[in-house]
Amino acid sequence: GIRGRSAPPVGFVVHLRVMDGPSGSQSLLARMLLRKPLRVVRTEAAEGELRRVLSLLDLLVVGVGSTIGTGVFVLSCSLAKDFAAGYSFISWIIAGAATLLAAMSYAELAAKFPLAGGNYAYSYVALGEVFAAITGWCLVLEYAVGTAAVSRAWADKLLSFLSDDLDLWLPEILQPGRLVSPVAAALQLMCCGVLLLGVEEGQYVANVWTFIKIGLVVFIIVAGSFASGGFSAEKIEPGSTDGVLRGAMVACFGFIGWDVICCLGAEAIDPDRNLPRAVGGTILICTAFYASAAVVLAMMVSSDELDDEEGFSAAFDATGMSWAGYIVSVGELCTLPVVALLGAIAQPRLQYAIAKDGLLPRIFAEVDEKGNLVNGILISGFAMTMIALVVPFSFMDALCSAGSLLAFQLTNSSLILVRSDEVENYTEARRQMVVFSFSSLCAVVLSNVIVQCSLNGLSWLAVGFFGVISLACAWRLSKLCSGARKPTYVGYRVWGVPWLQCVSILINWQLLASLELWMLLVFIALGALAFVFYICVGLPHSVGNNTAWAAAEENGTDLRTLLLDDI
């Protein structure tokens with residue numbers, strides 16, 4: 001691998017295109033929509049000579065370990081208490097279905113080019129540089145802010161356990177629920193310290209505790225079933241439709257982490273088969289665990305008796321199984337930090353990939369003599385520590401979910417455009433995708449406004465108008481994605497393109513529309529700041545826009561040919 005620099009690897013012949021000045025004579029829009037040649041992506045990923053050593057089981061362990069955590073230990077109670085009551089299991093199923101639809105797009109893209117970088121690389125290849133920058137921002141929300149949120153949730157649980165269960169006196173600054181949380185910041189510092197020892201050491205720790213965490217979740221479901229006296233639909237308290245949908249939006253936070261599998265594509269054995277199976281298997285396993293735990297919780301206690309901070313341990317106490325509650329409390333405290341550690345592992349690698357493209361300062365792409373991203377770890381570790389110190393969990397979970405959903409949208413669009421590019425219909429497909437995305441968003445927003453404001457039936461005509469446009473665009477996209485393609489390509493291909501992706505986009509718009517207005521405004525404001533950063537810092541230093549990446553000996557080789565090469 002590269003040590004302390006980010007120059008092209010030996011053997012990669014670079015031919016610079018003659019341009020009028022550092023950025024050429026292209027328009028600003030053309031530079032923003034510059035797509036990264038797949039051959040460049042593959043060459044950059046191969047320069048580290050990574051060995052394919054991860055089996056399907058290894059990938060599943062990483063996926064489940066990165067995903068399961070706050071969903072069971074933190075969100076289960078808050079979903080039932082604040083949103084969907086006994087129907088919170090439906091919120092989990094909806095969130096799981098939305099995640100799975102997007103995951104199918106990830107699966108094909110990961111199988112097509114099993115490289116490090118995940119959906120950041122997919123967006124760069126299929127959509128263009130500005131969308132890759134937006135995807136990178138979404139992943140920062142998922143990894144950095146999400147990791148800080150897990151640390152914050154863990155800190156509140158630890159302090160509640162010490163003060164309530166062990167009756168220990170705590171100073172005012174350590175009381176759970178305060179704005180400032182030194183304990184959450186301390187966990188982030190510890191994660192940073194583990195990463196500085198080396199990624200392999202951190203991954204070993206995570207693997208061991210992942211199996212312990214899965215055992216704890218199984219214990220919660222089995223013991224909760226006994227505590228509730230068996231399944232009975234009458235015990236489940238009904239929830240409202242609006243509450244279920246809003247709960248599904250928040251529940252998406254519980255699925256953050258599974259896409260780490262795609263980032264490990266360069267190290268996967270038989271990637272065109274194992275990566276899709278690992279992605280789909282992780283989502284199904286996690287959805288089954290989350291929904292089962294929610295059903296058990298609904299049968300144990302009513303939603304108004306739930307404790308957001310103590311979660312299942314308080315529910316076991318209420319049913320007379322205090323010993324089980326004690327096991328859950330200790331187990332949560334021991335295993336929840338693993339999720340924070342895995343998120344902390346991913347963030348510096350994301351920064352590294354973006355910095356190599358020039359969209360972040362070069363300091364993030366520097367690697368020390370041991371192959372460790374020391375600068376990236378220290379900078380991201382400091383940022384995550386500060387976030388965990390002063391930002392409450394309730395603020396971060398919905399924000400992370402919004403970032404994940406937007407990343408899902410971009411990945412769905414990437415797959416549709418990649419398919420259309422295989423049959424040389426990219427340009428028209430891109431126009432259709434823009435119209436579909438806008439019209440489907442308008443239909444979702446208008447329908448929510450009509451329901452919340454109780455408007456008359458004529459208002460639904462506008463929804464129908466945008467719905468018809470969306471349907472027409474989806475039909476046209478299906479035609480643009482069909483046609484002859486290179487018969488030698490044998491990689492994984494998801495069925496139902498583009499219909500499944502269009503349905504997923506529609507569902508994700510609905511989930512995003514369920515976000516509270518003030519949180520939506522914060523999300524948009526952060527996105528605007530990310531865009532300004534890209535225009536002012538990323539674009540002027542973009543590797544692609546300043547060196548044109550040169551396609552080596554095959555000058556003029558288009559994306560269609562490269563995508564259909566055998567992997």
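Cβ from N, Cα, C; glycine included.
According to TrEMBL, the protein has these features:
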- 87-109: transmembrane segment (TRANSMEM)
- 179-199: transmembrane segment (TRANSMEM)
- 211-231: transmembrane segment (TRANSMEM)
- 243-266: transmembrane segment (TRANSMEM)
- 278-303: transmembrane segment (TRANSMEM)
- 323-346: transmembrane segment (TRANSMEM)
- 373-395: transmembrane segment (TRANSMEM)
- 401-420: transmembrane segment (TRANSMEM)
- 432-451: transmembrane segment (TRANSMEM)
- 457-478: transmembrane segment (TRANSMEM)
- 490-511: transmembrane segment (TRANSMEM)
- 517-537: transmembrane segment (TRANSMEM)
Intrachain residues whose Cβ lies under 8 Å of the transmembrane segment (243-266), provided they are six or more past its termini: 45-46, 48, 50, 52, 54, 59, 62-63, 66-67, 69-72, 75, 78-79, 82-85, 87-88, 90-92, 94-96, 98-99, 103, 106, 109-110, 113-119, 142, 146, 149, 275, 278-279, 282-283, 286, 290, 339, 342-343, 346, 349-350, 397-398, 400-401, 404-405, 407, 510-512, 514-515
Surrounding residues of the transmembrane segment (517-537) on its own chain - C-beta under 8 Å, 6+ positions past either end: 130, 133-134, 137, 141, 359-361, 395, 398-399, 402-403
Listed stretch, out of 179-199, 401-420, 432-451, that has the most CB pairs under 8 angstroms to the transmembrane segment (323-346): 179-199
Stretch among 179-199, 373-395, 401-420 sharing the most Cβ pairs under 8 Å with the transmembrane segment (490-511): 401-420
Maximum Cβ pairs under 8 Å to the transmembrane segment (373-395) - stretch from the list 179-199, 211-231, 278-303, 432-451: 179-199
Distal contacts, the transmembrane segment (401-420) - CB-CB under 8 A, six or more residues away: 98-99, 101-102, 105-106, 108-109, 112, 119, 122-123, 125-127, 131, 134-135, 137-142, 145, 249-253, 255-256, 259, 426, 428-430, 433, 437, 477, 480-481, 494, 497-498, 501-502, 504-505, 508-509, 511-512, 515, 519-520, 523, 563
Positions on the same chain near the transmembrane segment (87-109), where near means CB under 8 A and six or more residues out: 71, 76, 79-80, 118-119, 122, 236-239, 243-245, 247-252, 254-255, 258-259, 262, 275-276, 279-280, 282-284, 286-287, 290-292, 294-295, 297-298, 405, 408, 411-412, 414-415, 418, 491-494, 500-501, 503-504, 507-508, 511
